[in-house]
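Engineer: Straight out of TrEMBL:
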REGION    A:1-36  region 'Disordered'
TRANSMEM  A:51-71  transmembrane segment
TRANSMEM  A:92-111  transmembrane segment
TRANSMEM  A:131-150  transmembrane segment
TRANSMEM  A:179-202  transmembrane segment
TRANSMEM  A:211-229  transmembrane segment
TRANSMEM  A:264-282  transmembrane segment
TRANSMEM  A:312-332  transmembrane segment
TRANSMEM  A:364-382  transmembrane segment
TRANSMEM  A:394-414  transmembrane segment
Amino acid sequence: MTTQSPNDPDVAVETGSQVPPAEPVTRQPEPDVEPESRWHRAFREIATGNAIISVLAVLLALLVGAIMIAFTDERVQEASVYFFARPGDTFIAIWESVSGAYSAFFQGSIYNFRRPDFATGIRPLTETLTFATPLIAAGLGVALAFRVGMFNIGGRGQMLMASAAAGWVAFSFDLPWGVHMLVALLAGLLAGALWAGIAGLLKARTGAHEVIVTIMLNYVALYLVTWMLRTPGLLQAPGSNNPKTPPMKDTAIFPELLGPQYNLHFGFILAIAAVVLVWWILDRSALGFQFRAVGENPNAARVAGINVKSMYVYAMLISGALIGLAGVSQVLGTVTTGFSSGIDAGIGFDAITVALLGRSTPWGVLAAGILFGAFKAGGFAMQAAEGVPIDIVLVVQSLIVLFIAAPPLVRAIFRLPAPGSGPRRAAPTTTKEVTAK
Amino acid sequence: MTIAPQHQAVSPQEPALAKTVVVSWKAPIAFAVVTVLAALLFLLAPHDGEATFRVSAAGDALQLPEIVLNATVTAWVCLALLTALTVVSALMVRARRAVPIWLIVVFAVVFVLGFLTWAVAGASTNVMPLAGLLAGALSLSVPLIFGSLSGVISERVGVINIAIEGQLLAGAFTSAVVASSTGNPYLGLLAAGVAGVLVSFVLAAFAIKYFVDQVIVGVVLNVLVVGFTSFLYSQVLAPNAQALNAPPRFDRIAIPFLSEIPIIGPTFFRQTIIVYLMYVAVAAVYIGLFHTKWGLRLRAVGEHPQAADTVGINVPRTRFWNVSLAGAIAGLGGAFFTLGAVGAFGKEMTAGAGFIALAAVIFGQWDPIKATLAALLFGFAQSLQGQLGVIGSPVPSEFMLMLPYVVTIVAVAGFVGKVRGPAAAGKPYIKS
């Protein structure tokens, strides 16, 4: 460059800028495709995008589920005994078992075609949203803690404490409509927040690992609530020997959103509001900025003047309140006839998967929560109609999260091009580089 | 605040070589809290009468007399001792000396003795069989110890293992099926190890090959294994229980002489082969980690993968095989549920043991011996509440069930505090 004449730099720059685009053109003839057509580019953009990975992950998981259903189906087993004599029977049996299960699944979660009119046919979709309500709320709680770099496995305990507090207010006080609901809701949120706050406070003050503390608090809450449920005067229904509460008073129950023939309740609106709130906190507020800074690198955050310890406490309080909302919506919305110690229904743990699938973003959690709500609603319908145990839903759900978390695996299975690998067959991705080593 | 700064830095005037004294008021504060709780318990709800501890079981060759303690006297003596120990620890901290481990152990033993005497004296039958208590404790600890060893190895090599629960459950399921269908418990044990390895393969493949967040994979694997085993249980095992879910159990093997020692003998040396395997595993993991080339490399990969890579250690391969080994160990622990304890597989029969094992790993500061002791503590607490339930405890049984978990929280917050795991645990190693 320095040897060139003073007039030349412009030229040199020009040629320099021309060379890089020329490179792919000169290399392109190597692979079979010459110029990249518009359709190829469109195909590549779709094939390397995130959306296709998510769709294919769901398909793959459903495929595994289908294999499990087919292999354990009695009719398939009977037909496979004489497989070599009449292989068709086996395939028919497989088709019947799988399609029966999945159509029951669809009709239980989205739309039931066997119903005469739209109003009853759409009922499964409202069931899906009802199941999704606590999943969204609790998923938000777990996701928020994730963003601050904490792992809140204590959803079960926080839900139980919130349910107990909200339920106690809801059945033992007499307050006017609206006020009663609000007080019960606040009591539940407070209980969940405080229960999670213990873990946050201990982490901030003594450095106790939040994973241990939240796991231990799950058990403490379970036994505490179990004891209260069987102690007259606390949570146990008067005149009963069962460990169960009396039904909630009408003034405290969440109103039905779509009328009495649907189970969808006001809790769903609250969950949506929580999504917006968490989005605002994380993406728009100063507190959320500090949260994310601590989550990315607590040491750097401390150097930047953020009070890391109080962030841990605040994050756990908010996380606990959100999970508490899940407990409240269970007690005041879904199971209003009195609850026992199984009120959490595993939602505290499902919430972790929801948060992971939603990649710890509020809108992602909303989508993941609705998807998992559909799985729950459909799973129950499938169990009732086809006798397929609902546990298969757990398998499908966890496989979806696994596949979505590992896009290279899904790409390898479907032989999709990796992102960034243009028509010129660019260098292999880092993944391949490391495995080849 | 009441908690003084933990790390008193050396002031600049002092010579550079002066020892940094770490002073923590946590231990005295925790001691004081426990002492006050004990005092409240003994004073507000006093129990008169006597507590009998039966040392020897009926079949022992060497019969020892029962130990009888007067509840009131024991309560006061224990309370005095607890107060004294609290004062001693406070004085030691004031004199800028660390509270030694043995003091904490003595404190714990005195508290447990006082509590036991109080609880047994107030029970409906005032006799506590010590042999049963300890045997139950060991039996409940076995899967926890296997699980925590698995966690220690995996995290020391740099892969966070939340999938312990899944590995235990997979081991329990596979061992039940294989042992029932072949009629050979040893094959079942082997299959349990293989099942644990398979779960680990998934963890290792996703965490090491695809760089997926290890916590995500672990949590999801737990759900996957729960779903998979529960599905197969309802669909296949339950209808064919005789053929597939009635595994033969291991016989207890009494080791000559050792098994005749009072209390210790029947507890530790009249056990199934899985328990003996556990002793070997604890020792092997400890020696392997800290006294062999394998352990040195493993820890190097977990602490500083770049440095390990620079000296020629293959980081992904080391991680992959050691995570698989960890899975095998946890799988063996899972076999104890079906081949050692219960005798048949049940849905979600591990019931959170994997998470307790995880807590034991962190509680034990990623050290195999300390993690084993932590697991034993959890086992003892569970066994204690079981025994007190049998003899009719004066406390609502839920509070007894709660106790081990509360003790853990107090211990983790009070004594362990901020623990530091292997530096590179949870971080994928991407060679640049």
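Glycine is no exception: its Cβ is also placed from the backbone N, Cα and C atoms.
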Engineer: Given the transmembrane segment (A:92-111), which of the listed stretches A:179-202, A:264-282, A:364-382 has the most Cβ pairs that are under 8 Å apart from it?
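Structural biologist: Stretch with the highest Cβ contact count: A:364-382.
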Engineer: Which sequence positions outside the transmembrane segment (A:51-71), separated from its termini by at least 6 residues, show Cβ-Cβ distances below 8 Å to it?
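Structural biologist: Beyond its ends, the transmembrane segment (A:51-71) has Cβ neighbours at 94, 97-98, 101-102, 388, 392, 395-397, 399-400, 403-404, 407, 410-411, 413-414, 416.
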Engineer: Same chain only, please: residues at least 6 beyond the ends of the transmembrane segment (A:312-332) with a C-beta under 8 Å from a C-beta of the stretch. Say none if there are none.
Structural biologist: 133-135, 137-138, 140-142, 144-145, 147-148, 150, 152, 154-155, 158-163, 166-167, 170, 181, 184-185, 188-197, 199-201, 203-204, 210, 248, 252-254, 265, 267-268, 270-271, 274, 278, 281, 287, 291, 294, 339, 343-345, 347-348, 351
Engineer: Under an 8 Å Cβ to Cβ limit, what residues of the same chain, 6 or more beyond the ends of the transmembrane segment (A:264-282), are close to it?
Structural biologist: 126-127, 129-130, 132-134, 136-137, 140, 143-144, 147, 185, 254-258, 288, 291-292, 318, 322, 325, 328-329, 332-334, 361-363, 365-366, 369
Engineer: Hey, which bits of the same chain come close to the transmembrane segment (A:179-202), Cβ under 8 Å, at least six residues off its ends?
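Structural biologist: Residues packing against the transmembrane segment (A:179-202) from afar: 141, 150, 152, 154, 157-159, 161-170, 173, 208, 210, 213-214, 217, 221, 249, 251-254, 270, 312-325, 327-328, 331-332.
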Engineer: For the transmembrane segment (A:364-382), find every same-chain residue at least 6 residues outside the stretch whose CB is under 8 Å from a CB in it, and list them.
Structural biologist: 101-102, 104-110, 124, 127-133, 135-136, 139-140, 143, 271-272, 275, 278, 350, 353-355, 357-358, 388, 390, 392-393, 396-397, 400
